[in-house]
Amino acid sequence: MEFFERFAIPHPSPAIYASMVAIALTMVAIVAGLTYFKKWGYLWREWLTTVDHKRIGIMYLISALLMLFRGGADAIMLRAQLAVPENKLLDAQHYNEIFTTHGIVMILFMAMPFIIALMNFVVPLQIGARDVAFPRLNALSFWLFFMGAMLLNISFVVGGSPDAGWTSYFPLAGTEFSESVGSNYYMIAIQIAGIGTLMTGVNFLTTILRMRAPGMTLMKMPMFTWSVLVTNVIIVFAFPVLTVLLAMGTFDRLFATHFFTTTNGGMDMLWANLFWVWGHPEVYILILPAFGVYSEVISTFARRNLYGYKSMVASMVLISLLSFLVWTHHFFTMGQGALTNSIFSITTMAIAVPTGVKIFNWLLTLWKGKIEITTPMLYSLLFIPLFTIGGVTGVMLGMSAADYQYHNTMFLVAHFHMVIIPGVVFAMLAGLTYWWPKMFGFMLNERIGKWTAWIIGISTLVAFMPMFFSGLDGQARRMYTYSESTGYGPLNMISFIGAVGLAVGFVLIAYNVYYSVRYSPRNISADPWDARSLEWATHSPVPEYNFAIVPQVDSSEAFWDAKKKGHELFKGEYEKIHMPNNSGVPFLMSCIFFVWGFSLVFSMWIPAIAATIGILACMAHRSFEKDHGRYISVEEVEETESKLRGAS
Amino acid sequence: MKIDHSLPLEYSTEENRLKILGFWIFLGAEIMLFATLFASYFTLVDRTGSGPSGADIFEITPVLIETIVLLTSSFTIGLGVHAMRIGNKKAMLSFFAITLLLGAGFLGVEIYEFVHYAHIGAGIQTSAFTAILLTTLGTHGAHVTLGLLWGTAIILQVKKRGLTPETANKSFIFSLYWHFLDVVWIFIFSFVYLKGMM
Ligand code: HEM
Ligand SMILES: [Cu+2]
């Protein structure tokens, strides 16, 4: 019995017990369902072992949407607690746990996989490739991310959630002040997912640098691919910092080292610095692909070439460099002196310049365009003004002297939500709607889609604008309640209403998927939006080899020019196509990683060592395995092609 | 699989070229990893708390042995790759084996060093300085350990399957990794040990 005590929740509540029961029931239902419908084999063959970038993309997508609901449930609880003064819905400890997991889940397990989902699905198609450079590694990336996310998600029913904020500053996150295993989960779950992301970075850089269709020079790449290229450079340079940081945090917690303690030479500010050396580039990892999506959507539905292609590229490269030079702006108030603060104020405000260039490029693309308002376009049009509010308040925060007033208030919370939601979340929803027909062969319902976009757009304003004001009035963030005399009550009630509106919007997305699966016509063309880049030149849904013949490109709007100027994309004959084999090892290895992580969280050394050996064994297996892939014969290609041509 | 015979074996297929580029990018990430460790080391180097400083605990003899052994191994793996290029499988295997033996020798001395530190009261829990020192050295040592396992796997494969585009590619990539560890060691030697002893 004693052994099991460690798994108990330190601060139980009826809600947590209810979740335990709900989780158990869901698991039983899934297992029963799979068994009853005899889908285990299908699941294993088609999904768990797949190395196809399109399917991996779809798995990232499903995970991201699930995590959006988990993080959203957290958000609603937070807002409900704050809706009225001195509310007793949550106590301080639960509030801490919930804002911590909300932040981690939303940033690392919702926004990141959403971006990687689109990246996986779209980039190889946009560059005319048949897969990524290392398909097996890609599967491993996904499963590591997935297992990391699952590990964090079980924390609230096994052992307790992390509660030191998603920034997990020491000494608060050290063993002295965070006794439960919650912060161990933080260190190890994010570590596992982070290694997956790093591998994604290596994979996509190689893919984009080496696997573009003939004729597609760097400056002829579609803008989304450019944004992904720049993003992955940031990933490769920023994520190793996180790896080291989390390893040191793990050592402090598990092995009583003194990296970040307040005794024996430890330095708590080292954590804050390294965290944001990774953390600020991380926010650009999130926003740059979002900018890429907007570029695609806006030029497609304005029916014009993107204005200022070169300045778009240059501004992204500049942003990626600057993103590594601003990290101290997250703790201007934590004592580094006026000179340092001034320097970082300037670098911070400098980022607004290339970002502004992009905003004007989009506006100039719209100018004189024949604008067609579709759901993705609606999100993009809502993005421009809303994101500008977030950006401008960011510049306010960047002024270090003034930041003493804003820091750690609701003003900050309003700022980053106004950049992350209109910037990243809208872009992901736009991209989801835009590429959905390519993924699944039918469109999402436009009427529901536009309603959703409006609801989400307006609710974002309702939820977050009041926080600017209550923040300026001094309402602190991460505080579980406030007294009536502060007068924050009404503003927080408005925020709560906005949060409910957002929840309605997210439920509508799910409803739209359901509705469209049932009622959307399946006989759509391969190019339903009259779009511009190569992914629309192949069938929907896309055959496993992507393109029967590798396309030949001679402009950045290859497919558009093929349609309008008669440029011929597909020259030559069918040839046999080389494809990678499926493999269960990435999934298996990631499961072992899960066991490894779980054992470390609870300091169970023997299973941890066993899992380490298991991981090494998987690597050895990969080394000795002979895997030359397989060929799809010309006849097979012909057959698939004629079938798909008939279908679309 | 199209094989381009004008190129060295390890570059001869498209897949091989992708792998080499991918590995270089990975090494870029590794550079960031060690750069973070070094930055933390420089931040914490004087924060010794009640524990010893570098000057108190560093000993030149084992460090010199480690350095010489590891530098030699970088040379021998270079010879190994050269032998591979001229198609001399036997010489290549011998040089790879020597490289790994030297690597094992390095690791042996490093383990001795760690035990010694623990004995004289400079364990990982002593101070911020010892924590970052042992973590930096340990990360490098862990890379060498993994290299020993990986290198053994490659020797076995070359022995059994001969020099094919695949095995040549693996051997070449392994040599990149090994040289990289050597470069990192040079930084450790100069900026951790020499600077610490001065
Ligand atoms: C449904 C819409 C959302 C609502 C109502 C909401 C609300 C909140 C609230 C109330 C807090 C805690 C403030 C505090 O007391 O410190 C918070 C924190 C945070 N949120 Fe959201 N949020 C939403 C969506 C998102 C999204 C989409 C993301 C990211 C992609 C996100 C990222 C964060 C982060 C990083 C924090 C800081 C966590 C921490 O302090 O450690 N949120 N949010
Ligand atoms: Cu920042």
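Just so it is clear, glycine is given a Cβ too, placed from its N, Cα and C backbone atoms.
Marked as domain 'Cytochrome oxidase subunit I profile' by TrEMBL: A:38-554.
Tertiary proximity for the transmembrane segment (A:15-37) is limited to same-chain residues at least six positions away from its ends with a CB under 8 Å from its CB atoms, namely 9, 43, 156-157. Positions annotated as transmembrane segment by TrEMBL: A:15-37 (among others).
Annotated transmembrane segment per TrEMBL: A:58-78 (among others), in sequence order. Tertiary proximity for the transmembrane segment (A:58-78) is limited to same-chain residues at least six positions away from its ends with a CB under 8 Å from its CB atoms, namely 47, 89-90, 95, 98-99, 101-102, 105-106, 109-111, 113-114, 116-118, 120-121, 142, 145-146, 149, 153, 428, 432, 439, 499-500, 502-503, 506, 509-510.
The transmembrane segment annotation in TrEMBL covers A:98-125 (among others). Sequence-distant contacts of the transmembrane segment (A:98-125), counting only residues of its own chain at least 6 positions beyond either end whose CB sits under 8 Å from a CB of the stretch, comprise 53-54, 56-58, 60-61, 63-64, 67-68, 70-71, 74-75, 77-78, 90, 131-132, 138, 141, 145, 148-149, 152-153, 155-156, 161-168, 182, 186, 190, 193, 197, 200, 204, 207-208, 211, 224-225, 228, 231, 282, 285-286, 289-290, 293, 420, 424-425, 428, 431-432, 435, 438-439, 478, 534-535, 538, 542, 546.
The transmembrane segment annotation in TrEMBL covers A:137-158 (among others).
Sequence annotations record features per position, and here TrEMBL assigns transmembrane segment to A:185-205 (among others). Note on the transmembrane segment (A:185-205): residues 100, 104, 108-109, 112, 116, 119, 123, 132-134, 137-138, 140-145, 147-149, 151-152, 155, 159, 161-162, 164, 168, 173, 228-229, 232-233, 235-236, 239-240, 242-243, 246-247, 249-250, 253, 593-594, 597, 600-601 of its chain, located 6 or more positions outside it, place their CB under 8 angstroms from a CB of the stretch.
Residues or ranges marked as transmembrane segment by TrEMBL: A:226-248 (among others).
Summarising the annotation, TrEMBL assigns transmembrane segment to A:339-357 (among others).
Among the features that TrEMBL reports, transmembrane segment is placed at A:377-399 (among others).
Counting residues 6+ beyond its ends, the transmembrane segment (A:411-436) has Cβ neighbours under 8 Å at 61, 64, 106-107, 111, 114-115, 118, 121-122, 283, 286-287, 289-291, 293-294, 296-297, 300, 374-377, 379-380, 382-383, 386-387, 389-391, 393-394, 396-397, 442-444, 449, 452-453, 456-457, 460, 463-465, 467-468, 471-472, 477, 509, 529, 535 in the same chain. The transmembrane segment annotation in TrEMBL covers A:411-436 (among others).
Taken from TrEMBL, the feature transmembrane segment covers A:451-472 (among others).
As annotated by TrEMBL, transmembrane segment applies to A:493-514 (among others). Here the transmembrane segment (A:493-514) has long-range neighbours at 65, 68-69, 72, 75-76, 79-80, 82-84, 429, 444-445, 448-449, 451-452, 455-456, 458-464, 466-467, meaning same-chain residues at least 6 beyond its ends whose C-beta is under 8 angstroms from one of its own.
Long-range Cβ contacts of the transmembrane segment (A:587-620) within its own chain (Cβ-Cβ under 8 Å, at least 6 residues beyond either end) map to 6-7, 48-49, 139-140, 143-144, 146-148, 150-151, 159, 181, 184-185, 188-189, 191-192, 250, 254. The transmembrane segment annotation in TrEMBL covers A:587-620 (among others).
Predicted-model confidence for the domain 'Cytochrome oxidase subunit I profile' (A:38-554) is 95, expressed as mean pLDDT.
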